Amino acid sequence: MRNVQAQPLVSPTEPMIDPFGRAVTYLRVSVTDRCDFRCTYCMAEHMTFLPKKDLLTLEELDRLCSVFIEKGVRKLRLTGGEPLVRKNIMHLIGNLSRHLKSGALDELTLTTNGSQLARFAGELADCGVRRINVSLDTLNPEKFRTITRWGDLSRVLEGIDAAQKAGIHVKINAVALKDFNDAEIPELIRWAHGRGMDVTLIETMPMGEIEFDRTDQYLPLSQVRADLASQFTLADIPYRTGGPARYVTISETGGRLGFITPMTHNFCESCNRVRLTCTGMLYMCLGQNDDADLRKALRESESDEHLSQAIDEAISRKPKGHDFIIDREHNRPSVARHMSLTGG
């Protein structure tokens with residue numbers, strides 16, 4: 001058999017630093033605004049999606065991600081929409097995995113609704129994906145269909161099974177929704193921890209126009225934590241995954257539970273991430289409208305120098321924090337664009 005020498009490991013690159021001294025080491029990339037679900041807190045039922053001609057090609061996404069990695073990004077998360085509905089997405093993931101093999105990237109991961117996981121779990125594992133987040137707000141099939149408008153819970157559970165069998169660590173992300181799933185959060189935690197999965201609870205965020213009043217859905221996680229503390233023994237721990245969640249352990253289950261609280265206790269002081277949309281717009285903050293058009297810089301020159309300068313200029317504008325509020329008087333989102341465009 002022919003000997004194949006391993007690729008030399010790349011020396012870590014100094015990260016980009018924003019105006020407030022925070023290192024930018026985490027890039028979230030929305031590869032599509034399309035999704036096979038229509039979760040009520042995320043999308044309008046009759047969404048108008050971007051024309052496909054406006055989307056970056058997979059080759060352009062690869063080039064952009066690679067420049068960010070050269071500039072010190074160590075964690076790359078693919079999001080959507082639903083990333084696994086993007087045509088030929090595994091071609092992109094397979095190409096990006098070269099940065100894992102070289103040592104330039106610590107982690108390549110994705111956030112998914114789980115609907116396509118049974119199909120792609122094996123390929124994802126082969127590409128070096130070791131952890132994924134699966135969005136799952138309820139274990140009740142009828143409520144699941146209601147919140148997603150037409151999703152099939154059994155298909156998602158099959159996908160989770162496939163991912164775990166492929167050796168991928170699954171974390172469950174659940175949006176806490178008042179009078180919808182608040183009573184079943186303890187059951188969801190027990191189920192996930194019983195399968196070796198962490199859980200992260202998320203406050204609903206005021207992004208994009210939807211048919212429902214978000215003030216009716218909003219549930220502060222401080223209240224959820226207090227309710228959980230009456231049933232479980234919670235202990236704060238310093239565990240971090242590179243994201244904004246603050247974690248506790250639950251003695252009764254032995255598992256970890258995270259809280260993402262953009263409304264009641266924001267995570268801006270340690271923000272290490274920026275977001276790239278499928279059209280090449282870079283958002284320095286989830287809760288601000290300031291953006292940078294990297295598609296223009298990408299297509300103006302085959303050289304990456306101009307693109308690198310555009311990224312530097314954008315990072316120099318990264319704000320100190322977001323402006324999320326729940327506008328109870330006017331029922332308006334703080335940010336007009338939908339999460340499916342920015343990348344959840």
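Glycine residues also receive a Cβ, built from the backbone N, Cα and C atoms like all the rest.
Since the structure is predicted, the reported quantities are computational estimates derived from the model, not experimental observations.
Site annotation (Swiss-Prot, ligand S-adenosyl-L-methionine) includes G81, S135, M205; from Y41, Y239, the additional listed residue is Y41.
Between the candidates C127, C285, Swiss-Prot assigns the [4Fe-4S] cluster 2 site shared with C268, C271 to C285. Of the residues R77, R240, R246, Swiss-Prot places R77 in the same GTP site as R28, T111, K171, R273, V274, R275.
Pairwise Cα distances among Y41, G81, S135, M205, which the record gives as the binders of S-adenosyl-L-methionine, peak at 16 Å. On the 0 to 100 pLDDT scale, the domain 'Radical SAM core' (19-245) averages 94 in this prediction. Sequence-distant neighbours of R77 (GTP binding site) (same chain, 6+ apart, CB under 8 A from its CB) are Y26, L27, R28, V29, T109, L110, T111. Spatially close to C39 ([4Fe-4S] cluster 1 binding site) yet at least six residues away along the chain are S135, D137, I147, T148, R149, judged by Cβ distances under 8 angstroms. In this structure, C268 ([4Fe-4S] cluster 2 binding site) is part of a helix by DSSP.
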